[in-house]
Amino acid sequence: MAKEKPILNVAFIGHVDAGKSTTVGRLLLDGGAIDPQLIVRLRKEAEEKGKAGFEFAYVMDGLKEERERGVTIDVAHKKFPTAKYEVTIVDCPGHRDFIKNMITGASQADAAILVVNVDDAKSGIQPQTREHVFLSRTLGISQLAVAINKMDTVNFSEADYNEMKKMLGDQLLKMVGFNPANITFVPVASLHGDNVFKKSDRTPWYNGPTLAEVIDAFQPPEKPTTLPLRLPIQDVYSITGVGTVPVGRVETGIIKPGDKVIFEPAGAVGEIKTVEMHHEQLPSAEPGDNIGFNVRGVGKKDIKRGDVLGHTTNPPTVAADFTAQIVVLQHPSVMTVGYTPVFHAHTAQIACTFMELQKKLNPATGEVLEENPDFLKAGDAAIVKLMPTKPLVMESVKEIPQLGRFAIRDMGMTVAAGMAIQVTAKNK
């Protein structure tokens, strides 16, 4: 059997009206991942609903409600092959109330494609576009390319394309720490397929790669196998004749039968008997693998979702408190010392209290604007000290980035996102 192509997870980010879903649908169609007949059927459905041009978007917008509203709600995953990779698309929603999905979606991505509407050069960069790029950067995505879409609406004008490219570079990418010189920009018309998989003859002035070629130029992710083992528990099952079977995704390190392990903050210690993925026993599992495993010496009641597994020689850090850099995405009032919202970190959901507001930062450059601010409001970035109200595993992003990022939820919305820059371990 031919060796399988490596998998590359690519997030599609940007404002809701930039044509992300259409770009993705076009990649899937031209990449041979969907039947052309499906597009014909969806085109008819779109036209009947007065949404002509939405047929490609419908491929990703599988949920009926999304089709009627024309927005992408949940994070959808679809695959297509390129010359080099098996690409899994993480189509991230654009609407503000779905930023939580964006946070959980983007954190699974190896690279991101920012889709923008060429016409935004006239109206300015959309706030959502800024937020998505900033979040991707905060969530550790270092590879980015830009698709400047809807080129057909400006008659494939090179001047309009260059204006948009310059505006993005000067007003957004540089500010969040991307070097525009290292980013590939592609002029596309996704609805018609120009420069998506196939070179367009309508952009004779452009001699760069197509969007599919840009994806092939991304570097494959390096699996963090040399970092300490960290496996956040998603669920715990008790299987007759087998025993306790926790399941979760290996974030860092390697797990294999015979390993002596500890679950934190539960403190339960055991030995790995077997490791399974897709009902097959594995000699070992590595980062990215979703596994079930059997542990000797640990009962179902001893551990729960939100616990993190590590080796007894290097146990996960239970935080007494931690200092974090956060960005406030939205908040109806202000955040002050004493505020205690729920933190979503790996698989845990634990309320944490704001103990100190240490510095307010310029969200785009990171420079300090104010020491010890009295409050934080929407749009602010800050360094804060936090204390979990119950035991929580948190690692510093410098040491184990996969376990140092979090979203902060309150009142049914994601109010902030951030990363732990320093963690004080709880004394046992």
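Sequential numbering from 1, following the chain as shown.
For all residues, glycine too, the Cβ spot is worked out from N, Cα and C.
Remember, predicted model here, so these are calculated numbers, not experimental data.
What Swiss-Prot lists as domain 'tr-type G' is 5-225. Residues annotated as region 'G1' in Swiss-Prot: 14-21. Look at Swiss-Prot and you will find 14-21, 91-95, 149-152 tagged as GTP binding site. Taken from Swiss-Prot, the feature Mg(2+) binding site covers SER21, and the record attributes it to sequence analysis. Annotation source Swiss-Prot lists region 'G2' at 70-74, citing similarity to another entry. Annotated region 'G3' per Swiss-Prot: 91-94, in sequence order. Residues or ranges marked as region 'G4' in Swiss-Prot: 149-152.
Taking the C-alpha positions, the distance from MET151 (GTP binding site) to the residue listed as 'Mg(2+) binding site' comes to 16 Å.
In this view, ASP17 (GTP binding site) is surrounded by 15 other Cβ atoms within 10 Å of its Cβ, with every protein chain counted. Its own atom aside, the Cβ of MET151 (GTP binding site) has 29 Cβ atoms within 10 angstroms in the protein chains shown. Each residue in the region 'G1' (14-21) gets a DSSP state, and the totals come to 2 helix, 0 strand, 6 coil. GLY14 (GTP binding site) is surrounded by 26 other CB atoms, counting those within 10 A of its CB over all protein chains shown. Secondary structure at MET151 (GTP binding site), taken from DSSP and collapsed to helix, strand or coil, is helix. Here the CA atom of the residue listed as 'Mg(2+) binding site' lies 10 Å from the CA atom of GLY14 (GTP binding site). The least crowded of the binding-site residues LYS20, SER21, judged by other CB atoms within 10 A of its own CB, is SER21.
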